[in-house]
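Copied over from TrEMBL, here are the features:
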- 28-49: transmembrane segment (TRANSMEM)
- 42-289: domain 'G-protein coupled receptors family 1 profile' (DOMAIN)
- 61-82: transmembrane segment (TRANSMEM)
- 102-120: transmembrane segment (TRANSMEM)
- 141-162: transmembrane segment (TRANSMEM)
- 205-226: transmembrane segment (TRANSMEM)
- 238-260: transmembrane segment (TRANSMEM)
- 272-291: transmembrane segment (TRANSMEM)
Amino acid sequence: MEEVNQTSSVSEFILLGFSSRPEDQKPLFILFLTMYLVTIVGNLLIILAIHSDPQLQTPMYFFLSFLSFTDICFTTTVIPRMLMNFLSEKTISYAGCLTQMYFIYALANTDSCLLVVMAFDRYVAICDPFCYVTTMNHRRCVLLVAFSCSLPHFHSLLHTLLLNHLTFCDSNVIHHFFCDINPLLKLSCSSTFVNEIMIMSEGSVVLVTPFLCITFSYMRIFITVLKIPSTAGKRKAFSTCGSHLTVVTLFYGSIFYVYLQPLSTYTVRDRVATLAYTVLSSLLNPFIYSLRNKDMEKGLRKLMARRKSKPEPLGSCS
């Protein structure tokens with residue numbers, strides 16, 4: 001077989017997944033297939049509801065529709081490969097492994113950037129409401145989404161190219177359910193010093209900076225909300241931010257736990273933690289953003305009612 005990387009003698013990797021026991025494969029397949037279908041349907045409903053309801057044509061829901069689309073793509077880079085491994089051989093080609101890693105990091109960081117944009121949107125809406133329409137105009141919203149979707153690819157490309165220069169000459173067994181950078185670095189028989197330095201420096205900046213921006217936005221929001229005299233006004237302001245804060249906590253909490261630690265401390269427990277941002281976050285987002293969100297609930301009800309009230313096709317005249 002022709003090698004993809006001239007410095008490596010490994011042409012494919014073996015993804016061990018969660019369990020190597022044959023009796024566990026079918027139950028795991030059913031579980032993750034169900035989670036995948038719920039994720040796809042839930043996020044598609046969010047997108048359709050937003051684009052079909054004029055009342056949801058606001059910057060907040062514009063960003064949410066792109067977050068849902070990114071979640072669909074993100075989950076699709078992870079779960080279908082897992083499902084294949086449950087029912088067949090657990091191998092993935094060298095090129096396929098690097099490709100999967102590239103898109104996982106690009107899409108995960110796109111999610112991160114979109115969460116920052118959504119936090120900024122809430123900050124402007126609550127802290128500077130009179131300038132909201134001017135600040136969050138359509139052109140600026142499109143530019144923010146374009147920036148969020150393009151910048152992460154440079155980060156992902158950097159780490160993929162650095163990984164491609166490593167040598168893999170001994171074991172090719174990845175103790176994970178997808179091609180993650182930490183277990184791949186542990187397999188390398190060449191120096192990973194540069195890779196680890198880049199993860200702890202550039203990687204930390206890419207991960208921590210968006211989180212700090214979100215934290216700063218919500219600190220300003222919290223201070224502004226406390227100045228609102230009425231209890232009802234405070235409750236309404238907090239309710240618009242509660243769902244977003246839940247997603248931020250789940251997403252960043254799991255990412256920080258997995259990646260902001262030395263490579264030597266990486267264990268099998270981190271494999272379970274990655275489920276939170278690769279699978280659970282995308283699965284729960286539609287529920288988090290629709291529950292306790294009256295506008296979204298109305299939009300989903302209108303969408304369902306529109307589907308039910310579609311006229312039946314007329315039969316041919318006799």
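Even glycines carry a Cβ here, placed using N, Cα and C.
Bear in mind that TrEMBL entries carry predicted annotations, made automatically and left uncurated.
Within the same chain, the transmembrane segment (102-120) stays apart from the transmembrane segment (28-49): fewer than three Cβ pairs sit under 8 Å, each pair at least 6 residues apart. Same-chain residues lying 6+ beyond the ends of the transmembrane segment (61-82) with a Cβ under 8 Å from its Cβ atoms: 15, 17, 32-33, 35-36, 39-40, 43-44, 46-47, 50-51, 92, 100, 103-104, 107-108, 110-111, 114-115, 117-118, 121, 141, 144-145, 148-149, 177-178, 278-279, 281-283, 285-286, 289, 295-296. Comparing 205-226, 238-260, 272-291 for CB pairs under 8 angstroms to the transmembrane segment (28-49), the maximum falls on 272-291. Averaged across the domain 'G-protein coupled receptors family 1 profile' (42-289), the predicted model reaches a pLDDT of 89. Distant neighbours of the transmembrane segment (238-260): 108, 111-112, 115, 118-119, 122, 125-126, 182, 199, 203-204, 207-208, 211, 214, 218, 221, 225, 270, 273-277, 280-281, 284-285, 288-289, 291-293; these residues of the same chain sit at least 6 beyond its ends, with a Cβ under 8 Å from one of its Cβ atoms.
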